[in-house]
Amino acid sequence: MERREEQLGAAGAGAAPALDFTVENVEKALHQLYYDPNIDNKNLAQKWLMQAQVSPQAWHFSWQLLQPDKVPEIQYFGASALHIKISRYWSDIPTDQYESLKAQLFTQITRFASGSKIVLTRLCVALASLALSMMPDAWPCAVADMVRLFQAEDSPVDSQGRCLALLELLTVLPEEFQTSRLPQYRKGLVRTSLAVECGTVFPLLEQLLQQPSSPSCVRQKVLKCFSSWVQLEVPLQDCEALIQAAFAALQDSELFDSSVEAIVNAISQPDAQRYVNTLLKLIPLVLGLQEQLRQAVQNGDMETSHGICRIAVALGENHSRALLDQVEHWQSFLALVNMIMFCTGIPGHYPVNETTSSLTLTFWYTLQDDILSFEAEKQAVYQQVYRPVYFQLVDVLLHKAQFPSDEEYGFWSSDEKEQFRIYRVDISDTLMYVYEMLGAELLSNLYDKLGRLLTSSEEPYSWQHTEALLYGFQSIAETIDVNYSDVVPGLIGLIPRISISNVQLADTVMFTIGALSEWLADHPVMINSVLPLVLHALGNPELSVSSVSTLKKICRECKYDLPPYAANIVAVSQDVLMKQIHKTSQCMWLMQALGFLLSALQVEEILKNLHSLISPYIQQLEKLAEEIPNPSNKLAIVHILGLLSNLFTTLDVSHHEDDHEGPELRKLPVPQGPNPVVVVLQQVFQLIQKVLSKWLNDAQVVEAVCAIFEKSVKTLLDDFAPMVPQLCEMLGRMYSTVPQASALDLTRQLVHIFAHEPAHFPPIEALFLLVTSVTLSLFQQGPRDHPDIVDSFMQLLAQALKRKPDLFLCERLDVKAVFQCAVLALKFPEAPTVKASCGFFTELLPRCGEIESVGKVVQEDGRMLLIAVLEAIGGQASRSLMDCFADILFALNKHCFSLLSMWIKEALQPPGFPSARLSPEQKDTFSQQILRERVNKRRVKEMVKEFTLLCRGLHGTDYTADY
């Protein structure tokens with residue numbers, strides 16, 4: 001091996017000095033890794049060992065570490081080092097060393113066949129990697145050779161040991177192929193070669209599996225080996241005998257799990273649907289498992305029922321279309337569907353008593369999609385067969401969605417309750433999907449059941465049953481337009497009759513009412529049937545989320561019909577807010593609900609309600625403004641400001657939100673005079689300034705203040721105009737004292753909405769110049785500590801160029817400094833900041849011709865920008881940002897072509913720039929490609945992606961598969 005070590009001197013260059021990587025030092029480091037209690041020492045040892053594994057010396061010490069006198073941990077490291085050297089540094093191995101390396105690995109595997117299993121596996125993986133690298137040319141019959149060598153009678157190892165070692169090697173070979181870093185063209189060749197080798201492997205596996213004398217450990221290994229090989233997309237018909245043998249092995253409890261895995265992997269191969277005859281032969285085999293399934297369910301054997309269900313679902317889900325097409329076999333497929341239905345409705349509560357039913361849900365989606373994809377005539381036939389099945393499915397799902405008894409539920413862990421919640425969401429999604437198949441009849445079916453349940457005097461009904469039926473309604477109504485359903489009026493009439501004695505039932509009642517809010521908007525006469533229930537529930541903290549979200553939906557959808565109820569809604573809401581019944585987020589939702597509600601009232605009514613609603617908070621804020629800042633009063637201030645901003649988010653008397661709803665919407669006339677929100681903001685403006693003066697250094701408070709105005713601006717649009725001058729002045733003072741990103745975001749909103757209006761341009765221009773000047777000063781002090789400010793600043797600049805380029809005409813704006821700061825921002829590690837900076841340049845470069853100062857700066861400093869872009873593409877920036885940098889290159893090419901053609905050649909001339917991996921020819925090709933493409937932005941993005949892969953040494957590797 002010394003010879004190989006000399007020849008492979010290049011491998012692992014850059015690791016620690018060669019003398020360090022001796023057998024003795026590796027053993028010491030391993031001892032430190034496994035037994036040293038100090039975590040820092042462990043980490044150091046691990047880092048050193050990783051360097052050792054890739055060093056040239058690994059070829060020497062790895063074989064010595066495999067000596068029989070070493071402990072398994074040390075032997076395992078030696079085997080792993082061999083695998084790493086073979087798989088990652090194959091090109092460093094001289095071709096004349098292949099055979100001796102192969103022979104030594106065979107020798108070691110034979111020796112470890114009766115030794116440590118974990119070491120044996122690593123050695124098998126190393127030999128598998130070697131085989132994949134040599135196939136097909138240097139080792140054309142690799143698998144046949146492996147089988148022949150391990151069947152040799154002259155081996156010192158007993159036949160069972162040899163057999164298990166061979167099976168381990170054959171098992172890891174396809175697994176290593178799946179994870180190997182072979183180039184794409186080699187992968188295709190090796191896959192073809194392995195497919196041919198199936199002819200050697202499968203007969204051997206069949207023989208071992210069917211041989212009565214084969215011990216259980218061998219048969220289990222055979223099943224695992226088969227499971228590994230079928231993932232190479234072996235034709236299903238070639239697997240037929242082994243699949244049948246695996247079905248037979250399901251009766252053996254020791255082989256059950258391995259058999260399930262093998263069968264599921266074989267059935268699930270994408271190519272399997274081509275072999276319909278084989279699939280049809282599998283249906284009776286699956287149906288033959290029904291008695292075993294029933295016995296497992298009866299005995300509470302969750303593992304067995306889970307495994308059999310996986311097999312049935314794998315066949316049904318992967319091949320429903322192919323099997324539906326076999327019309328003459330419709331009864332056997334229907335039997336399979338009914339078997340899966342049994343699995344869906346398996347007795348017990350998920351996830352405590354069973355975990356099987358959740359496996360089946362996607363099958364029902366797939367089957368429905370396949371039925372509905374047939375042409376009309378064929379679809380009608382299948383609808384006739386499968387509509388009753390889907391009605392049965394609805395009953396089964398609603399039964400599975402039922403809560404357990406209160407006593408039983410009380411014993412569930414929080415994790416089990418969360419899993420059950422997610423399971424119910426999955427059932428809800430399935431019901432919503434099934435509606436497409438069953439239509440309005442499904443709602444009628446649910447309504448009839450609920451009606452019978454609530455009106456029957458014969459026997460008391462369980463709340464769980466009622467809740468599940470309502471949950472079914474809610475699932476459908478949340479996403480499907482039920483406005484034309486003739487059962488909803490009856491449902492609304494039934495809801496008040498429900499005896500609510502349980503939180504889960506009350507929650508579902510609330511969510512169901514919320515899901516029907518659009519229907520209530522079309523049938524306002526029914527609002528009074530359910531609104532009292534919602535207002536009553538507001539006072540119950542356990543119903544916080546459901547009651548508040550339902551009230552918000554009703555206020556949003558039905559606001560034009562709520563004025564008669566407004567006083568009551570406001571009074572109840574005020575009461576629960578004052579009593580602090582709800583958590584912060586629900587308080588914010590409640591304020592949004594009240595904003596929707598007030599929007600539909602007359603201005604005088606709005607002002608009156610606003611006064612009574614927010615006066616207590618204004619008084620509290622006045623008191624807090626006098627106090628010395630501390631953490632508790634900060635929370636109170638942020639809470640009050642949040643309530644105000646959420647109220648103003650939805651309080652829209654001009655009904656901008658409704659503009660997209662269509663002409664038929666009932667709108668109130670737009671009121672004349674000042675907007676109520678503006679009136680309130682002007683009244684509290686001084687108070688907000690007072691609060692700010694004490695909290696300017698606190699980003700959270702500043703953010704909360706800015707949020708009030710930002711949300712108001714977004715809602716009010718032009719109605720906000722009277723506030724623009726004083727808000728600009730306040731923002732300027734705020735930002736000059738303590739720069740915060742939220743102030744820049746609000747400035748961006750003002751630029752977006754008001755900068756184009758001559759009356760508002762002067763204060764906005766003054767604010768824009770001020771925040772730009774302050775931010776440029778920040779860059780001089782060191783902007784790396786403020787990526788959020790830089791991000792918001794870049795977005796503001798881009799918005800200014802997009803909305804009002806005149807802002808860049810002012811002589812007081814230092815365009816050169818802005819340009820240089822933006823180039824600096826391109827080098828930030830934070831992706832959002834880089835993205836925002838790229839966005840600025842893509843807005844700036846098209847202005848070269850129309851804004852003189854911009855044209856001048858680009859001419860003087862554009863080369864600096866190009867170099868920054870090339871550095872980023874060369875590897876300095878994340879690959880996910882390459883499209884953004886491509887946009888800059890495209891803009892440079894489109895708007896500064898003559899300059900770019902000169903700069904790009906100069907910039908790419910220095911050797912090693914932007915990457916040492918590039919040849920001069922590759923750089924020249926890239927520059928020519930870019931300069932040629934001035935129309936198709938998508939092509940430029942593709943060029944940049946290709947170039948960055950070359951720069952990073954990733955071109956043609958597996959790393960680029962998803963790129």
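Using N, Cα and C of the backbone, Cβ positions are placed for all residues, glycine too.
These numbers come from a predicted model, not from an experiment.
Summarising the annotation, Swiss-Prot assigns domain 'Importin N-terminal' to 45-111 and lists sequence analysis as the type of evidence. Look at Swiss-Prot and you will find 24-54 tagged as repeat 'HEAT 1'. Annotation comment: Swiss-Prot describes 95-135 as repeat 'HEAT 3'. As annotated by Swiss-Prot, repeat 'HEAT 4' applies to 142-179. For 236-268, the entry in Swiss-Prot reads repeat 'HEAT 6'. Per Swiss-Prot, repeat 'HEAT 10' is recorded for 440-476. The repeat 'HEAT 13' annotation in Swiss-Prot covers 562-600. Per Swiss-Prot, repeat 'HEAT 14' is recorded for 603-648. As annotated by Swiss-Prot, repeat 'HEAT 15' applies to 676-716. Look at Swiss-Prot and you will find 720-754 tagged as repeat 'HEAT 16'. Swiss-Prot lists 761-803 with the feature repeat 'HEAT 17'. The repeat 'HEAT 18' annotation in Swiss-Prot covers 815-845. What Swiss-Prot records for 897-931 is repeat 'HEAT 20'.
Assigned with DSSP, the residues of the repeat 'HEAT 13' (562-600) fall into helix, strand and coil as follows: 32 helix, 0 strand, 7 coil. Per-residue confidence over the repeat 'HEAT 18' (815-845) averages out at a pLDDT of 96. Listed as Cβ neighbours of the repeat 'HEAT 10' (440-476) (distance under 8 Å, sequence separation of 6 or more from its ends, same chain) are residues 391, 394, 397-399, 401-405, 424, 427-429, 431-432, 434, 482, 485-488, 490-491, 494, 497-499, 501-502, 504-505, 508-509, 511-512, 515. Sequence-distant neighbours of the repeat 'HEAT 4' (142-179) (same chain, 6+ residues past either end, Cβ-Cβ under 8 Å): 87, 106, 109-114, 120-121, 124-125, 127-129, 131-132, 134-135, 187, 190-191, 193-194, 197, 200-201, 204, 208, 215, 217-218, 221-222, 224-225, 228-229, 231-232. Put simply, of 24-54, 95-135, 676-716, 720-754, the stretch with the most CB pairs closer than 8 A to the repeat 'HEAT 14' (603-648) is 676-716. Counting same-chain residues at least six beyond the ends of the repeat 'HEAT 3' (95-135), those with a Cβ under 8 angstroms from any Cβ of the stretch are 4, 7, 63, 66, 68, 72, 75-76, 79-80, 82-83, 86-87, 142-143, 146, 149-150, 155-158, 161-162, 164-165, 168-169, 171-173, 175-177, 180, 182, 189-190, 193-194. In the repeat 'HEAT 20' (897-931), helix, strand and coil residues by DSSP number 24 helix, 0 strand, 11 coil. Proximity of distant same-chain residues to the repeat 'HEAT 16' (720-754), defined by a Cβ-Cβ separation under 8 Å and at least 6 residues beyond the stretch ends, is recorded for 674-675, 678, 681-682, 685, 689, 692, 696-697, 699, 702-703, 706-707, 709-710, 712-714, 760, 763-764, 766-768, 770-771, 774-775, 778, 786, 788-789, 791-793, 795-796, 799-800, 803-804, 807.
Across the domain 'Importin N-terminal' (45-111), DSSP classifies residues as 55 helix, 0 strand, 12 coil.
Counting residue by residue with DSSP, the repeat 'HEAT 18' (815-845) contains 26 helix, 0 strand, 5 coil.
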